[in-house]
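Asks: For reference, the structure I am asking about is given below.
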Amino acid sequence: MLKSNIYTYTRVWIPDTEDVWKAAEIVKDYKEGDPVLRLKLEDETPLEYPVGPKSNPLPFLRNPDILVGENDLTALSYLHEPAVLHNLRVRFLESNAIYTYCGIVLVAINPYEQLQIYGEEVINAYSGQNMGDMDPHIFAVAEEAYKQMARDEKNQSIIVSGESGAGKTVSAKYAMRFFATVGGSASDTNVEDKVLASSPIMEAIGNAKTTRNDNSSRFGKYIQIGFNRHYHIIGANMRTYLLEKSRVVFQAEDERNYHIFYQLCASASLPEFKDLALSDAEDFTYTSLGENIFIEGVNDAEDFKKTREAFTLLGIKESSQNSIFKVIASILHLGNVEICSDRDGESCHIADVHLQHFCNLLGVELQQMEHWLCHRKLATTSETYVKTMSTKQATNARDALAKHIYARMFDWIVEHINLSLQTSTKQHSFIGVLDIYGFETFEVNSFEQFCINYANEKLQQQFNSHVFKLEQEEYMKEQIPWTLIDFADNQPCIDLIEARLGILDLLDEECKVPKGTDQNWAQKLYNKHSSSAHFQKPRMSNISFIIIHFADKVEYQCDGFLEKNRDTVYEEQINILKASQFQLVADLFSDKDDVTPAKSARVNVRALKTVPKAPNKEHRKTVGHQFRTSLHLLMDTLNATTPHYVRCIKPNDFKEAFSFDSRRAVQQLRACGVLETIRISAAGYPSRWTYPDFFNRYRVLMKKSDMTTADKKLVCKNLLETLIKPDMFQFGKTKIFFRAGQVAYLEKLRTDRFRSACIKIQKTVRGWLQRIRYRKIRKMAVTLQRYGRGYMARRYADFLRQTRAAIICQKQCRMVRERREFLRVRRAVVTIQAYAKGMFTRRIYQEFLLHHKAMIIQKNVRGWMQRKQFRRARNAAITIQCAFRRMHAKRQLKQLKIEARSAEHLKKLNTGMENKIVQLQRKMDDQVRHQACFYSETVNTSLGSEVNKLQKQLELLRSEQEDGGQVRSLEEELEHLRKELEEAHALRNKMEEEHINEKMDLTQVGEGDRPTDTAHVLSGYFQFNSLPFIDGCVCVSEEVSSVSLQSELDKERERYQNLLKEFSRLEQRYDNLKEEMSLNKPGHTRNPSNQSSLESDSNYPSVSTSEIGDTEDSIQLVDEMGIDKAAMDISLFMKLQKRVRELEQERKKLQLTVEKMEELAKRKVTEQGFIRGARLFPLSFYLQELESENKKLKNDLNELRKTVAERASQNSSSNELQDSYNLLLSQLKSANEELDARKEEVLILRTQIVSAAQLQEKNENILSLNTTVSNHQDWCYLNEDGELGLAYQGLKQVARLLEAQLQTQSRQHKDELEALHTQIELLKGDIEDKQEKLSYMMSLSPEAQVEYSVQQEITRLTNDNLDLKELVEKLEKNERKLKKQLKIYMKKVQELEAAQSSRSKPELIRQVTVQRKEKDFEGMLEYNKENEALLVKTLINDIRPNNVSGTVPCLPAYILFMCIRHADYINDDQKVESLLTSTINAIKKVLKKNNDDFEMTSFWLANTSRLLHCLKQYSGEEAFMTQNTSKQNEHCLKNFDLAEYRQVLSDLSIQIYQQLIKVAEGIIQPMIVSAMLESESIPSLAGVKPMGYRNRSSSMDMDADGPTSYTLQALIKQLGQFHNIMRDHGLDPEIIGQAVRQLFHCINAVTLNNLLLRKDVCSWSTGMQLRYNTSQLEEWLRGNNLYQSKAAATLEPIIQAAQLLQVKKKTSQDAEAICALCTALTMQQIVKILNLYTPLNEFEERVTVSFIRNIQNRLQERNDPPQLLLDTKHTFPVLFPYSPSALSLEMLHIPASLNIDFLVRV
């Protein structure tokens, strides 16, 4: 007890007989000197505990609750036995934690239940972690040993010790499994599997069932696992110690022999074991002594299969295995050999079939073995005697032989296991695992327990020195003053056993005495060591002795010591076994130094000269001597390594799961040295805190002024100096060291500070709550008063309202009664008056009705008479008018016919006019040539301005003309009149037929042009004058119904005609200006006569053919200047060609418009004639545009002339320039010819426009006639205004136009007929040939017909191929020629661009670059076969992602596919196969070389998947072509189906994806735990608990500044880098989402696994931090549009774990809420988190065991998997969705930096 005064509420530990220690609480303050300490037990029982300075010291103090359940016992503030025992019990029973640290020792308690904490995922979780970062585990110790071996390059040892049944073998096995998993061999030798395979073999031959353990190791073993320089397992070696041979021949009750015997008996029914003559284990003596041959839950037959598989894996042949099984079976038969006593009692004999089986199985002579089992040889110096043995002696000899055979077989198996685990590679370092028996004490202790305890004494000495050494090293590293710590040294006890004349020496000496006995040896011990402090003689026995070991006093019985130490086996029996016919049996007993002995059938009993044979050296060595030697060798090995300790504790003797017996546990804790470790730690400074942790934990005790200091170390010093005595702590370099109990005192101060703060907060909150309650009550009272007063006021108001309502009701009632009476009287009076007035009114109405009817009759009669008279007069007038007009028309017709017959003077007049026109044109041409140079510039300027004005006016007119669209609305109103016009149309057709007949008559009578003209005039007369007559009749008949409609139509027509007049005026002005321009232009060329006449007669503008002369003149000018002086101006020439193409397009548009106009003119001549004028405007507008384009072409020609002249003066003649000029000149001439043709077509179109305009004028005349008729004017004066003359002129022009069109159509018709006749002739010839062939083929036999048809088909195909070849050759020649010309043009263009760069004409330079046309590519790349390796090397092996960062993503994939396309295009299957194979192999090689480079892996994943998509997109399969463009469909593969290579690329993509995930996980995995669990994302939230071994420097990597800590921002930044790299490389978004999902699964799995394996992070504050961190990750997903990738769903388990840490955990409702909340966690995980939940403050409550049991009961229905941890290596199946590219291959740009100039674009 450290304190003299103890106060109330202090909790202590008091001794107890049953529980060893019992908890109690002081109820009254204790002062020094008080004889009694008043206590209260946990069950509220009072107790007076006597205390005294000598007899009964003060009890031990209990640790605060916050320290209970710590991972490390050294973290406890009070270090003593009850604290250690209580901490282990709480962890084992409440948290189900079987591992606990005690400094450098791992305490492992056997749970007697299979736990899911040893899977591969647990190994991965502990791999790479510092010891103490995770919960205590055997894997943590193994990882610490592995890490120190790699870091310090020093051999390591793991010492596993404990009682039988404590779990030593299992712990050692799990440690070796960890090394096999973490340090797996780099080659394919599977050494780690062999190391693990040795375990089932050694368990079979060395383990047995005891009363304490079902699988107890009855030998000690030390396994050295060798590693190379890369720390991979290369081999192993095993050393065994002190096999319990006596178990072969004897087992105590409820125990078994070694497992191998029972396994072999369980498999005796197998056919290969029939020769062993085995049966059930109950039938053999050596396996039935324990009376219970079965183990619950163990299947011996199945275990035997595993043993045989392990033998095979270790390379032991089947024959050797059978030999081993024979030896084992022979031991069983040997145990059943019955030895019968003879009558004299001193001899015996054997007559048993089991001996025969024994001899047959071992291959020895039956007679010899039978003889020497009952006899023995005694050798003296002179002779040798054979002596018989008694039954007891023979039985002992038989058992000794059985033990010796089994021991030799055991050693042989161990030797061959070592041979199998050996390696030729040089061993760099090793880790040894020592599985050795712990300190044992029984009721009867014999030689085996003596050796075991001797070994534990040596191990305890080594352990004490190592612990003391670590403590001192820790103090020295931290540079704190220290004094020598005294610890119990057990060297005197060791000297008692192994020193000169010690117990072992005396035992060996007694064994050498011929008649030495155990009693004599005991007397020698009493005489020699009675004075030793560690040796005692029992009071009641003379054949036993007591040794005071470090753990306890042990009394050993001397019986059997000498026999077991001698291990006597008769040499004659051994010699028989050496002579076995089986080689393995002979090898078992052969001496290493002996030559192969000769086999003999007999043994000579006597000889003439007896020579005594020296005994074998091995038989001379006693068991004790051998054990001491091997133990010294083991200690030397351990001292040369860094040891790690595992102490296994057996919690109870009944093998009950999670049952804790405190007395048995304390006994083992004392024996295994754990308490000694505690004592050494408590003697110094057991509690250690780093400065940051201490500051964070105890800053509540600091002042506000101290918090402002930046130096935390100084702040901690100032605080401790004010709180604790100076000798109770020390300041180190990085830590603060405290004496025992000081941390508990600091925790008490911290708790008091929190308690006072809580009281203050509670006081303030309670006052605030009371004030709120008062205000609420006062407000309620005021509210009640207000409502009460309001209620009274409302009641009074209701009374007043009811009184007033009663008065009103009375008033109204009286009023209603009086009013009803009045209304009844009034209604009667009114009724009487109504009947009287009605009678008088009906009488008056009847009188008026009679008078009205009479007036109507008179009116109708008079009207009928007047209408009848009017119709008679009107019909007479009409008849007279019609007769008169018919007579007048006949006279005019007769006069016209006479004039038509005598019209020859008109012909002469026309001939003279034509001659004059020709002369005038020639004169005008001459004048134009002379005046061109003077007037061209001025005229062009004036014309340009005038044209612009006219265009503006036309645009204004066009905008005004749009208003004329209202006329169309009137068409709908006239629709009902069209039906009545059908008769008029029929009459018109009849008149046209009559006109045609008369025209034919006139044509036969007359000659020349005049009859024709007359016919046109007559046809026009009848055509246009018959219509007004018909229309007039119709209009007269409909006059009354359409008066209003006609007035509106007249207004619209008048306005439209005004617009047409204005348009005609402007158009005439434009024609005048154009004629003036044509007069001033040189180079006029006469048109054909018909066209010139049309131009002269037409009032519409025409395209002058003089413009054609401009181009010809330019060519003539170039010819006159000469070739040497001429030069090319490609820009002007290309511009000219462009203008010609534009003219061609405009011409086509105009032609289509004219055709549409003609169709409309034919259908709507009479109905919609007034609309056609409006449609003529676009035609004239198009003509104006054509004329303006012609002007631009002229300007370009003028510039061309100027450029030619300038170039001629600058450049000298050259052949290349001359060729280029000739080519340009020929192209220019062809362009001029094309221009001429276009202008001729324009002239024809203009004539058609003229005819359309004339038709429009005639329609206007028709409309005017209709208007006249509708207005009832006299139509007899139709020809008074000269309308007939206008019709004559129009018909004349239309006749000429029709003739020209008729001639053109006739010529076209003739050409088509000739072509059709030619085609018909060809087809006839072809048909005749086919008929001949068919007739010839029908005459042949069926076989000949087939052959003949095949020959004909071959001939046809051959001819077609020849034609195609010729066509291909021609095309290739043209292609080569064009390529050459293109190269020449490119050179010239470059030269011209260079020459013109100095000139100030940027327009021309720009035009050249724009107009240059690139070659059309097909999206293929051609390469030579010998360049394939260079292509692969350049695009795959040597390329780096940053080389193509600025180009199209996945550029190498596109280039490779374009090369594949070309190979497919040329139908080269070898080239395709070679390129794809080389590509795939090169990608694999690059990825293998850069297997840890994320950027390179992502780059090739993107390119491989893109190449796969390209193969699909261009495969030609319809499923992949739905999103392609037409051009991409043209680029599909033509010859090969690459579906198999697509599968190979798909598999390769999956492999690359898996490598990408592996690299990414390797990068982020070290960051996950620190970022998610340890970093303070929310500052000052996480609390710090006292730590023990967790922060010890020996557990850290001291090469750096300490373990690297990462923040959440660093993790998110790394994820962002991954995402940016994958996105920049063009990886498909779906694949990026899957990769992010996989990484988030890794984050979730690693975080949750660490949470499940770390008690220090299972707190409320960690849950808050974890929830915040996961929300940040989800926010990152949303920010990068990855939330739909299901990555957030993978975080659900860790989110639920964080919520589980934060929710309330007390009531059944809380349990139900937890079960509903944690759906993504398994029951084991939920229970584990609840068990690990640790409050950071005393104000938090622990999770009770009952609450956890409640959770387990509720979750029993779940079928959760048994494993605890998540599989961090789980990989979601990846899917590569088809993603076609929108990139056109022909537009792909390949940068020159790739250096792939050997590829040619096709």
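Yeah, the Cβs are placed from backbone N, Cα and C, and that goes for glycine too.
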Asks: For the feature region 'Actin-binding' as recorded in TrEMBL, pick the matching range from 631-653, 884-906, 1689-1711.
Replies: 631-653
Asks: Can you name every residue in this chain, apart from Gly162, Glu163, Ser164, Gly165, Ala166, Gly167, Lys168, Thr169, with its Cβ inside 8 Å of the center of the Cβ atoms of the recorded ATP site?
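Replies: Surrounding the site, in chain order, are Asn110, Asn213, Ser216, Ser217, Gly438, Cys648, Lys650.
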Asks: Averaged over the domain 'Myosin motor' (68-751), what pLDDT does the predicted model reach?
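Replies: Average per-residue pLDDT within the domain 'Myosin motor' (68-751): 83.
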Asks: Within 10 Å of each Cβ, count the other Cβ atoms, then let me know which of the binding-site residues Gly165, Gly167 comes out lowest.
Replies: Gly165
Asks: Just to be sure I understand the packing, how many Cβ atoms besides its own are within 10 Å of the Cβ of Gly162 (ATP binding site)?
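Replies: Gly162 (ATP binding site): 27 neighbouring Cβ atoms within 10 Å.
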Asks: Which has the fewest other Cβ atoms within 10 Å: Ser164, Ala166, the binding-site residues listed?
Replies: Ser164
Asks: Within 10 Å of the Cβ of Thr169 (ATP binding site), how many other Cβ atoms can be counted across all chains shown?
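Replies: Excluding its own Cβ, the number within 10 Å is 23.
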Asks: Taking helix as H, G and I and strand as E and B in DSSP, count the residues of the region 'Actin-binding' (631-653) in helix, strand and coil.
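Replies: Breakdown, helix to coil: 9 helix, 8 strand, 6 coil.
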Asks: Note down the number of other Cβ atoms within 10 Å of the Cβ of Glu163 (ATP binding site), including every protein chain shown.
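Replies: Result for Glu163 (ATP binding site): 25 other Cβ atoms within 10 Å.
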